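Straight from TrEMBL, the features:
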| type | residues | note |
| --- | --- | --- |
| DOMAIN | 30-60 | domain '4Fe-4S ferredoxin-type' |
| BINDING | CYS40, CYS43, CYS46, CYS50 | [4Fe-4S] cluster 1 binding site |
| DOMAIN | 61-92 | domain '4Fe-4S ferredoxin-type' |
| BINDING | CYS72, CYS75, CYS78, CYS82 | [4Fe-4S] cluster 2 binding site |
| DOMAIN | 137-166 | domain '4Fe-4S ferredoxin-type' |
| BINDING | CYS146, CYS149, CYS152, CYS156 | [4Fe-4S] cluster 3 binding site |
Amino acid sequence: MYLVTTSINRARFLRGQFGGGAPLPRPPWALPETEFTDRCTRCDNCIGVCPDQLLVRGGGGFPVIDFSRGGCDFCGECSAVCEPGVLARGDGERPPWALVARIGGSCLAVNAVTCRCCGEVCAPRAIRFRLQTGGRAIPELDQQACTGCGACHAVCPVRAVEISALTDEWGEMTA
């Protein structure tokens, strides 16, 4: 018999979040989760300034990004108004986050229904379609090119595209 332990911070304890589920996607350039929740004042400045209205209040009143509203263009407005500095864009060399698109089995193109919505909105061209025998085209994702912006998720009619944490080949989350 094994004992499984989970380390939770004070904020997660007070909100009753005892599960170890994946953290909600924070705005771009967010500090690591524990530091983010400790320092964020929940002022909503970042939510109010987002030109695409992608940022919403999540659990505990902290800002999260809602990819169903569209894709992030990394304009940096949220970072510019963040007084506590939890959205630290820095010199622009730091990537906005370690998120990447993942295309699930319910994808229309995978199921022989013509659809290329995700590829059409993908600015870095990370989603391309490879022609198969019989004229069917299936999506292929270039994880190196994917910015995790979420535009593909927003347009997918069956929500087959998810935005999740980037992992290496062994399934470990990368920073």
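Placement of Cβ uses the backbone N, Cα and C atoms for every residue, glycine included.
Annotations in TrEMBL come from automatic prediction, not curation.
Comparing CYS40 ([4Fe-4S] cluster 1 binding site) with CYS82 ([4Fe-4S] cluster 2 binding site), their Cα atoms are 9 Å apart once rounded. Tertiary neighbourhood of the domain '4Fe-4S ferredoxin-type' (61-92): same-chain residues 24-31, 35-37, 39-47, 49-55, 121, 147, 149-154, 163, selected by CB-CB distance under 8 Å and a gap of 6+ residues from either end. The Cβ of CYS152 ([4Fe-4S] cluster 3 binding site) has 28 neighbouring Cβ atoms from other residues within 10 Å, across all protein chains displayed.
Cα of CYS149 ([4Fe-4S] cluster 3 binding site) to Cα of CYS82 ([4Fe-4S] cluster 2 binding site): a span of 20 Å.
Of all the binding-site residues in the record (CYS46, CYS50, CYS75, CYS78), the one with the smallest CA separation from CYS146 ([4Fe-4S] cluster 3 binding site) is CYS75. Annotation: CYS149 carries the greatest number of neighbouring Cβ atoms among the binding-site residues CYS50, CYS149 [cut-off 10 Å, Cβ to Cβ]. Residues within less than 8 Å, Cβ to Cβ, of CYS75 ([4Fe-4S] cluster 2 binding site) and separated from it by at least 6 positions along the same chain comprise PRO51.
Annotation: CYS43, CYS46 are the binding-site residues among CYS43, CYS46, CYS50, CYS152, CYS156 whose CA atoms are within 10 angstroms of the CA of CYS82 ([4Fe-4S] cluster 2 binding site).
Among the binding-site residues CYS46, CYS72, CYS78, the residue whose Cα lies closest in space to that of CYS152 ([4Fe-4S] cluster 3 binding site) is CYS72. Counted over every protein chain shown, other Cβ atoms within 10 Å are most numerous around CYS78 among the binding-site residues CYS40, CYS46, CYS78, CYS82.
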